[in-house]
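Features as listed in TrEMBL:
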TRANSMEM  A:20-40  transmembrane segment
TRANSMEM  A:253-275  transmembrane segment
DOMAIN    A:254-370  domain 'ABC3 transporter permease C-terminal'
TRANSMEM  A:296-321  transmembrane segment
TRANSMEM  A:341-364  transmembrane segment
TRANSMEM  A:419-438  transmembrane segment
TRANSMEM  A:617-639  transmembrane segment
DOMAIN    A:623-739  domain 'ABC3 transporter permease C-terminal'
TRANSMEM  A:667-691  transmembrane segment
TRANSMEM  A:711-732  transmembrane segment
Amino acid sequence: MKYLNQKLIREVKQNWTQFFSVFLMALLSIIVFVGLQGSWKGLESSLNHYISDTHLANYWVQSSSISDTDVCRVKNLSGITNAQSGTRIQTKQGKHHLIIDSYKKPVTKLHVVTGKKYQSTQNGIWINQEYAQAHHLKVGNDLQISYLSRHFSLKIRGIVQSSERIYFTGTREFIAPNYSNYGYAYISPQTLAQQVKYHGPQNVMTIKGYHPQMRHQVEKILQQRLMSYDNRSTLPDVSNAMDRVDEIKNLSYLFSFIFILLAILAMYTTIKRLIESQGQEIATLKALGFSNAKIMIHYASFGLLVGGLGSLVGLLVAPFISWFVLRTQKQMFSIPQWTLAYGWSSLFVVLLVTLICVLAAFLAARSATKGLPAVFLQGTKTTKVHKIILEKWTGLWNHLSYTGRWAFRDIFINRTRTLMGIIGVAGSMMLMIAGIGMPQSMTHLVNKAYNQDFTYNQRLYVNNYQQYQQAHPHAQQWVQISQAHFSPDDGFNRLLIVVGKGHEVHMKTQNNQSIKDGGLYVTHGFAQSAHIKKGDQLKVRTFGSNQQYQFKVKGILLSETNQGAYLTKHTWEQAGGLSAPTTLLVDPNYHYHKRDVSSTISIKEQKKNAYNFVNNLMSIFLLIIVFGVLLIVIVLYNLGSLSFVERLQDYATLRVLGIHKPELRNLVFIENVITTFVGWLLGIPAGIWFLGQYVKTFSTINLEYTPYVNVWTIVISSAFVWLCSLSTTFFVSQRLKKVDMVQALKGSE
Amino acid sequence: MIEFKQIDKDYSVGDQTIRALHDINFQIETHKLTIILGPSGSGKSTLLNILGGMDRPTRGTVQFNEQNVASLNDHELTNYRRNLVGFVFQFYNLIPSLTALENVAIAAQLTKNDANSLKYLKQVGLEQRLDNFPNQMSGGEMQRVSIARALAKQPQLLLCDEPTGALDSRTSLKIMKILQDVAKTTDTAVVLVTHNPDFEQYGDQVIRLRDGQVESISQNDNPLAIEGV
Ligand SMILES: Nc1ncnc2c1ncn2[C@@H]1O[C@H](COP(=O)(O)OP(=O)(O)O)[C@@H](O)[C@H]1O
Ligand SMILES: [Mg+2]
């Protein structure tokens, strides 16, 4: 065995490019799968620890008023372990927004970063870490706050994080956190009464526990006072974090699937070919008296060496990738403790990759050890050659040159090799289209939302609609946004948006119609998950009212943001709905008085915020593109070079017969172009389909992601794949220069 | 027609130099079958490769008509092989996915003479097998296709390196007969390399090699004609 091992090492050295490529493919597969798993599992476990350590609530309710009886009734529901009412007020600290909650006994425990624990008997304020960081606030500082027209100063007692605000956007108008502009804080009920001088009713309730009919119960208890109801899957502050885990998880599974499939395919072919080229050696070993088992074990150790080594190095590198991805997520999510975590499936993939390498080596060696050594020593090839279907088409076939016939027969006869080549190219196209298409789809979503669907310059939050309307009867365009319970629906409350006259809202239906009077328009994502079709009757009850209205669904809107429903003010009022819009969408030159408006948001801010959101994911997409590109280069190079090596002898013969090098190179190109073309052609629809699946994994209750493929995605992907494939042929055909004609005369290997 | 003048061929292996051929001189004539005979390792293949323009000598000239083949560049050498030389190999080197006829035709096409490939397959007695693939034929049949392929180019020089090396003696004789006929009836000079001394009697000229040097050259005015195979 000692000599066999020496032989092993020498052969690895001799064929090091092939070995290195298998090593790299094993390495890349492991890095991608384990690396991404480390990050989503890490995010998941960081989240889970945080959630359980802080006893995160399960339901959140906003209401115009909440009494102790209401709280009691909720507490008495089966499965509910705790319910607390409190008060939420929107205050300002200078130009910035500070949302202050006041609970006697908060359900969700606050995580204290520095300073004192939250106590309802203590005065002062507890402020969130990110806001404090953005404004260099420290424990002991005094904070100047204004509420309505009152101003007061509160001492910072503690810097905190709340698991109710893992992803805190401040308002639904933003899809990404904006920590410097929006903060949240906690004060005791005492402080609320004495310093803020708030004497209104309590307006929020947090609930811990599980009740199967919670939505219905809350509606029953609070009736028309109910303003919003959320659970962990709908509260964006929490659901975004949970959804992100699933997003990265699905993405990693989906992507790794193609990735590992491609890598396995190329590894298998490479190893198999490498060992098949050792046919004579194997025959010699057999002739010398080595047992089949010994020979197979010897060659299987090739696979183990290279596959195992690649996997091992991959395992060592993967945590860096996990950490890199998690670091990008740290900017978005407010979680005190970040950890990496891995699951058994990582081990499974490591074993799978190694096993495939061993198996490829083993099977190839086994087929080589079958039969008598003499057959192999003679070096006769035994490919079954036959006529192919194409030949039935005699008109075409007879017009084909002999080299053309040769190429086509080889393509049809060496089905595995051809299939590998086609899958390699098609898989590469899929990776490229999905890799490029994903960030493009996201960017497209932002552009469509803020350049096409909405064209306002600013959103004004008007203090008093009636007054403002009387003073400015021509002000446009009013929108009224409220949470609503649609029936039938998919179990989640959504937004009903009533749009007034104006020209700032432009979203179109599937039939390219804009929103018109006479019915309800449901967004596509909502329609899909609640199985709503055009023509259906939909009941709607907006929160804050007890009235239920029924509308006919007039169209399905292609709008990605804010999954819910739209209708015109006219239709709303005709049905008996009360008009009380608070938002005025205005053009750039619109003049207004500061005193009429409580706050404003510009579309520019929204767009910038949305781009932040996209950019946060960009590093993951980029990572995937980089690894994808690496893999594509290796896979295509390998498959190309293998099919070249397999025909080297024939090429040498042709050289002896007097074919010129450029002619031979053309021949090699033709063969490659045929497989590349087929793979490419199949790869385009497959890639678009894959992108669709890939993009879907990012959709949430509130946002629907749709695949967006433009010509450039296809052009760039195609260009890259063709470039890789053709340059492989080019590089490989450089070896034609060194084709040893003398060798060809000595008979086959 | 073709003449080797003071040909040397050195191979360098590591820092050692192996002299495969030393001071080789001989002539090859049209209408003659030249047999190059010698034990294994004596330099037969090396000689044939230089003759066929697949390799260059280290020293000396290969005079073919008016030109020195040894000084041709790669492109010219390819043209030399393409237009003037036909090869027959020990292991046939047919293209597995082309039929017998197509294997012949692909070579014929290279020289751009619109030769009738069928004619050459008939000449080697394979008109029944033209639609067969190499793996459906016996070794002797494959070698005959290989000869037909070489002939289809209507070469001035037909070079055969141990064409019967992988064949039984009866089939070998058949092949020898074909080659003899080619030399006799066409304008193609035939050179055959073998280590088998039995074939000596069939050649018009026999060149014996030993350790890279010419041991003897003998002319045979009455070679034995092969009959009845
Ligand atoms: N490519 C090469 N490199 C080094 N030595 C070679 C090479 N080809 C042939 N030789 C050597 O040249 C000598 C003649 O070889 P060859 O012409 O193949 O002999 P033959 O065909 O008569 O058996 C041998 O000693 C052989 O080892
Ligand atoms: Mg030889």
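Every residue, even glycine, has its Cβ placed from backbone N, Cα and C.
Contact between the transmembrane segment (A:667-691) and the transmembrane segment (A:419-438) is supported: at least 3 Cβ pairs lie under 8 Å, counting only residues 6 or more apart in sequence.
Touching of the transmembrane segment (A:20-40) and the transmembrane segment (A:711-732) is ruled out by the presence of fewer than three CB pairs under 8 A, sequence neighbours closer than 6 excluded.
Across the domain 'ABC3 transporter permease C-terminal' (A:254-370), mean pLDDT in this model comes to 85. Secondary structure counts, DSSP: the domain 'ABC3 transporter permease C-terminal' (A:254-370) has 98 helix, 0 strand, 19 coil. Across the domain 'ABC3 transporter permease C-terminal' (A:623-739), DSSP assigns 98 helix, 0 strand, 19 coil.
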